[in-house]
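Engineer: Below you will find the structure I want to go over with you.
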Amino acid sequence: MFFDRLKHRGPDWSGLYQHGDNFLSHQRLAVIDPASGDQPLYNEDKSIVVTVNGEIYNHEALRNRLPNHKFRTGSDCDVIAHLYEEFGEDFVDMLDGMFSFVLLDTRDNSFLVARDAIGITSLYIGWGLDGSIWISSEMKGLNDDCEHFECFPPGHLYSSKNGGFRRWYNPSWFSEAVPSTPYDPIVLRRAFENAVVKRLMTDVPFGVLLSGGLDSSLVASITARHLAETKAAKQWGAQLHSFCVGLEGSPDLKAGKEVADYLGTVHHEFHFTVQDGIDAIEDVIYHVETYDVTTIRASTPMFLMSRKIKSLGVKMVISGEGSDEIFGGYLYFHKAPNKEEFHRETCHKIKALHQYDCLRANKSTSAWGLEARVPFLDKEFINVAMAIDPEWKMIKRDQGRIEKWVLRRAFDDEDHPYLPKHILYRQKEQFSDGVGYSWIDGLKAHAASHVTDKMMRNAKNIFLHNTPTTKEAYYYRMIFERFFPQNSAKLTVPGGPSVACSTAKAVEWDASWSNNLDPSGRAALGVHASAYEAQLSAPLANGNVPVKIFNNVPRMVEVGAPASLTIRS
């Protein structure tokens, strides 16, 4: 059955509901109310049916707005059917969390599909030749059954009553108009602390991903400060667990342990080699469903680490996903010519997160039934951070302002320090670089052994869309198309020139970059302390490579998500 393809996402429960020609199936990862929150979920008379993958952090406040409703479970997602009854389709913007859901109204056979604001949870929509509509958390849930399918756009809903998509998420920053709010470090600090604290809502064991970079370290620090006062601490204890992966010698492993010791967490290190990562590449591409080079480079260590974390009985982790997009943390932002372009680029990066980091973090973890939460992508926090005059975010070395200076300064508390100074002001490492530079070098060497120069010369005749320009990209593309041969599948993956994770537009900021296109941070020549130009004489490492997991990881949540909904008219 089609829903078996997503069993990895939710190993705790499988649910299937049928009403006429409508089918809702669900694979549950139980995080909130494991005892009674099985899905589908219903309203009182079961006329409204919901299958959802998500966490609704404000569910208790929403329940208080529904005094005349009776809830069947303690699940945070139980509010969705009742909110629809009261407010219709407009209730979606009331949800504070990450989610993808399908709602079936059996009274008129209409249905509603929605995805969270940024696209933390993954979601696809497809159409069959017989007129059916399919919805799935992953492409593999519908690619064999649909004539055409595509990514479900984040911040949108699809209504069968209105026959199409509508954007429900309309924040002021979406217009990309340059904001002018003065920078207030205390306001920014409080907004992020609130974002972290609300994500401590859990009924299962959890931890934090800790690489020793700024973002993961701040998440860990705030979590450690507030854990004792939570319900989770009463259930599972007040000592925080932290996780990273790599080899001895990795700068991130060293920094991660230092931060863990400083915060007093129970720290878990996992080791793997370059060969371990190479052996996992095919599984990674199958689960993450992309051929994007940056995403695969970063997904592999995360995929391997997630398996280890789940084996310890942990079901949820909190990470630092999204900070670099909001604050211009990637090293290429050093070259932004003015605050207007800086701000527009951050807007573009946030809007594209669902195609890159959110997709990678969601699927790398959910491959093993692990959930990740991402406080930097909290709706309220984004509103605060994106309202700051971008002049404050600009990188100005002569004034001592490095990337993400506004965030670092907000948590630079002399009286009650969150982190050691040298961690708070550590240079940005891109995820796939931070796991160890020889990880990327090893991937390139492996790809070169499988892709010939002759194959590259003919690439444009074989791969007409997003033609691979490197042997590494060609190698990933071959694997991807073996798993997902449909034309629709290749169109779900973005393309274009990039340097150090930039958009194609930002390549224009420095003419020299056009000759050095690579997603690695080391491609930011003249910016990164270990840029490629300084490493040309370095030998390629043999054997083991230090690999760590960076700050990032969001994932779909309390389920394996709506595995598939078919609606036939």
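Cβ coordinates come from backbone N, Cα and C, glycine included.
Just so you know, TrEMBL annotations are computer predictions that nobody has curated.
Feature list, courtesy of TrEMBL:
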| type | residues | note |
| --- | --- | --- |
| BINDING | ASP76 | L-glutamine binding site |
| BINDING | LEU209, VAL245, SER319, GLY320 | ATP binding site |
| DOMAIN | 1-163 | domain 'Glutamine amidotransferase type-2' |
| SITE | GLU321 | site 'Important for beta-aspartyl-AMP intermediate formation' |
Engineer: Using a 10 Å radius around each Cβ and all protein chains in view, which of these recorded positions has the most neighbours: ASP76, GLU321?
Structural biologist: GLU321
Engineer: GLU321 (site 'Important for beta-aspartyl-AMP intermediate formation') to ASP76 (L-glutamine binding site): how many Å between their Cα atoms?
Structural biologist: 23
Engineer: How far apart, in Å, are the two Cα atoms that lie farthest from each other among LEU209, VAL245, SER319, GLY320, the residues recorded as binding ATP?
Structural biologist: 16
Engineer: Counting across all protein chains present, how many other Cβ atoms fall within 10 Å of the Cβ of LEU209 (ATP binding site)?
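Structural biologist: Here the count is 31.
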Engineer: Taking every residue in the domain 'Glutamine amidotransferase type-2' (1-163), what is their average pLDDT?
Structural biologist: 91
Engineer: Filter the binding-site residues LEU209, VAL245, SER319, GLY320 down to the ones within 10 angstroms of ASP76 (L-glutamine binding site), Cα to Cα, kept in sequence order.
Structural biologist: none
Engineer: If you count Cβ atoms within 10 Å of the Cβ of SER319 (ATP binding site), leaving out that atom itself, what do you get?
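Structural biologist: The Cβ of SER319 (ATP binding site) has 30 Cβ neighbours within 10 Å.
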